[in-house]
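Down below is the structure, laid out as structure tokens.
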Amino acid sequence: MTSDEHHGDHRTEKDRRLDPFRVDKRDTVLTTDQGIPIDDTDNSLKAGERGPTLMEDFHFREKITHFDHERIPERVVHARGSGAYGYFEPYDDSLSLFTRAEFLTTPGLRTPVFVRFSTVAGSRGSADTVRDVRGFATKFYTRQGNFDLVGNNMPVFFIQDAIKFPDFVHAVKPEPDNEIPQASSAHDTLWDFVQLQPETTHMMMWLMSDRALPRSFRMMQGFGVHTFRLVNADGVGTFVKFHWTPKLGKRSLVWDETQKIAGKDPDFNRRDLWESIEQGAFPEYELGVQLVAEEDEFAFDFDLLDATKIIPEELVPLRPVGRLVLDRNPDNFFAETEQVAFHLGNVVPGIDFTNDPLLQGRLFSYLDTQLIRLGGPNFPQIPVNCPIIDVHNHHREGYHQMRIDKGKAAYHPNSLDGGWPVPADGRAYHHYQERVDGYKIRKRSESFSDHYSQATLFWNSMSDWERAHIVAAFQFELGKVTARHVQEGVVRNLNEVDHELAVAVAEGIGVDAPGTPLRPNHGRSSPALSMDHEPADTIATRKIAFLVADGVDASHVRCLMAELTMRGAICEVLAAHGGSVRAAAGEQLMVTRPMPTTASVLFDAVVVPGGAQSVRALAEDGDAVHFVAEAYKHGKPVGAIGEGADLLDLARVAPDPTRGVIVTSESDIEGFVTAFAAAVAAHRFPRRATRPVPA
Ligand code: HDD
């Protein structure tokens, strides 16, 4: 099969450019790296069958040497990631008033992209569902060169100046003496840093919220975080914030669930991304921008250059620009996802930087890190990193040089090689002409000094259940902290955010609650920050478990599965064993997977179909009872038909159609489908009273 056939008609220019590097092993024989055919790779060359291995065994030496050198340093942060290719397409040309960037302004132009999602703190092999920020890094292979938007799923950051980044990362990473804990912020050093560095407060509110527990990379936002600058053809600049909004809505897991998933399926988010693309359910996001005219730079009560601040959408609305679709998995994880090298300095004409000191520092760090990670200055030649336009300059040599640059003159200007390559014409990148004037000074601007107002804004914008989750998260994390003065320090900072929050956290961890509010809560909120009113309009790619045993009413299962699958859900039949069960009417019902190999935490919803014998058997099976109770506890839709209701009873789950527990008689399957699908679309029912449910 050719690559064209494999990828259908939707091949991007990037995809085509990867072809010469793709290696297909079909119809080949085994060779050494020098091309020498090999017929035995199972036995080393020895002096006698039981004798010592010989130095001259070039195949053995080459094989082992290559193996010994297979690892490269993992990323110092964002080590664990998953990537996918796709394209970006703008809706119209309306941004051309603000930017020369063609990929943002040419309707119908599909720009190839590679996106890498990641967690931040954990090692490359750590679990996906830890409490952490998620990276959302996009490389646009535009016709004007590569543009990298290296963002996160939270719109603010922990620190204001890049010089604090090593301190922050050292604090959040496993502690240096024993390298514990892995991929977790719940430990002394992080919270010590947090209590002493109040600029972290706003970001910590986000990190303690369910934003840190995305159900899927396909169901989380992305943010460029910094204020960047768009520059139009006349050289006029406009401040801009970039936002990605997922088409499937913003959806999160709950904390207990994430911890269990980390054991049951540490690849949960990675698998979800991979499988949805394989199944043709392509993740999609809308790019939106917030634009602020240069003359409005000082129109806000925060500094646009301060990366610990958002621009509330109620002040500057989001303007939709285009859509991002991820439609192809990489062929090789290491070659593509591991070797992709993002860098904030990769900008195209029409996009520029601001003096945000966090952004400025990143402009140094990303290039620097790739040099050590990818072993030298030629990493842009690695296929995933190459632009889709040809590259010409006088860079030469260095480790792993792949280009064979012809000619004598590797310098500019030259006459010997005809002066080539010549300086570009009007297409060239021009830096925004900003007047800069000031004393050299090692000082934070006064305009960066309000660390609490937006943390309060975030808190005020949360619904009741979101606040409860935030309080529980602070209690959990600080409950793991052993240094009492650190716990107290954090509570003191929280009292600057909101008195009730500080009191609730203090009570949970057993330190003295602050007696009085430091100041009245400012009372402002930004509804756009809450996840409580996400549209509940789709069940696409939601995973629904059907619990069955011999004697199940298979007609219900088939009918329900057909209806839910038609709406895009993924239905699986689970039984105590693999293979099939014998249904009530005598026919076989195929089992998708045995229950012991999976768990409720890997599904979005559960249905117990009718069939007296089946439900009796399930009632005897602790796994099945636990499955239902746990799904309920995690706020998931739970459905039962006919006798299925008995299993719910046993799991202490009472029917409550307003809170996602849908129970119906055998005669009203149609009504059940409608109510159950609506519950699945609503995702979770966090307002249930779940404390007494053991699970
Ligand atoms: Fe960073 C990786 C996002 C601040 C230094 N960062 C990295 C990745 C993402 C971000 C998504 C993974 C890219 C990939 O998938 O390969 N980083 C952010 C955001 C920040 C931020 C949104 C604040 C707004 N980062 C930041 C600062 C510094 C760095 C202030 C250093 C001064 N980041 C790095 C790095 C990494 C990195 C060390 C590690 C691996 C890499 O770059 O390629 O250079």
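Each position is counted from 1, following the chain as shown.
Glycine too: its Cβ is placed from the backbone N, Cα and C atoms.
Just so you know, TrEMBL annotations never went through curation; they're auto-generated.
Summary of the site annotation: TrEMBL records heme binding at ARG75, ARG116, PHE165, ARG362, TYR366. Screening the candidates ARG110, ARG373 against this entry identifies ARG373 as the one listed for that site. The record assigns ARG75, ARG116, PHE165, ARG362, TYR366, ARG373 to the heme site; their largest pairwise CA distance measures 21 Å. The binding-site residues in question are ARG116, ARG362, and the one with the fewest Cβ neighbours inside 10 Å is ARG362. Fewest other C-beta atoms within 10 Å: among the recorded positions ARG75, HIS78, ARG373, that description fits ARG373. Long-range neighbours of PHE165 (heme binding site) (same chain, six or more residues apart, CB within less than 8 Å of its CB): ILE159, GLY361, SER365.
Of the recorded residues, ASN152 (active site) and HIS78 (active site) place their C-alpha atoms 10 Å from one another.
Sequence-distant neighbours of TYR366 (heme binding site) (same chain, 6+ residues apart, CB-CB distance under 8 A): VAL150, ALA341, PHE342, HIS343, LEU344, GLY345. Distance between Cα atoms for ARG116 (heme binding site) and HIS78 (active site): 10 Å, as a whole number. Here the C-alpha separation of ARG373 (heme binding site) and HIS78 (active site) works out to 13 Å.
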